[in-house]
Amino acid sequence: MTQIKLSTLQTLLPDATFQNSETLKDINFSGLTSLTLAGPSDISFVASKTFVNEAKASKASLLVVSQETAEALSDKAIIIVSKVELTTAKIIRLFFPEKQPSGKRSAQVAIDPSAKIGSNTDIGHFVTIGKDSIIGNDCIIEDGVKIGDRVQIGDGARIGKNCVFFDDTIVGKRFIAFGNSTFGGDGFGFVYAEGKHNKIPQVGRVVIGDDVEVGSNCTIDRGALTDTTIGNGCKFDNMVHVAHNCKVGDHVIIAGQSGLAGSVTLGNNVIIGGACAISDHLTLVDGTIIAGGSSLRTSPKTKDVYVGWDLGLTFPEFQKYRVNIKNIVNLNKWLKRIENIEKKVGIETKES
């Protein structure tokens, strides 16, 4: 494993404040780990005030902290930063550098002569690349990837094993896809006539922006007539489905096992929790948040946090809904009490 010095951290984090760290200049730090598991050669981090006591007891030699926890840990060797989690991510990358391409190409590939492969791009075993496709510079195409005709993949892409890019799919720079995801398969379009389901040709494309990351086993379908589009900076968890004609804005996050039905439009910075179902032709405005397990059948009217099943309720509305649901179990008891009161005051109870 890579080991790093204090001086490397100081170079990486020029805006950070290093406190009580002078005695650590000769230490070879061997990793970054949790407060409870850290040893004398480790770095750890304090995500919030909740973990201050754990931090005080930790054996880590150096802690990444925020300004709000720095005073409570002033006797420790600390790095004071504005964003603890972001800094932690940068430090982890020091210990675990990303795999870099070297331009190696397996002999067991099938690449059409008309395809263009950029410089310093790795191509693994059993990769196929179709006619007139363009692969950018500094990409890593892992084993078993299937790339159709006229596909474009931008510079710096990382394509996991057995991913499939159907004809005419376009993805931007620094695209990441983990294994077994598919892009540009036919949308689910059929018309029932003459006693059977007749397929509607799906002739649109999938067009994906820059800096998008897609987990394993995701499916993004081509549009029927227009393109399915994914904006810049989007991050999809495993097993996310995007149906035909969807328009996804920039920096959208979708957690695992969630699906967008056809022609859904998501604004920028939308967050969709896990196991959500978004019905067709809905629109979510910029910044909308859908809580995990929700199912939407109507478009939310404003930017808010929505939660529920076929309800489209804001979070405060859902809290009231939950209270009412709990009260239903007492309904028969309350009805009996009302009947008894009516008898006492001489009101005849009428059956409806």
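The backbone N, Cα and C atoms fix where each Cβ goes, glycine too.
Residues annotated as active site, proton acceptor in Swiss-Prot: HIS244.
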Cβ distance under 8 Å to HIS244 (active site, proton acceptor), same chain, sequence separation 6 or more: which residues? ASP186, GLY187, PHE188, GLY189, GLN202, GLY204, ASP221, ARG222, GLY223, ALA224, THR228, GLY262, SER263
In DSSP terms, helix, strand or coil for HIS244 (active site, proton acceptor)? coil
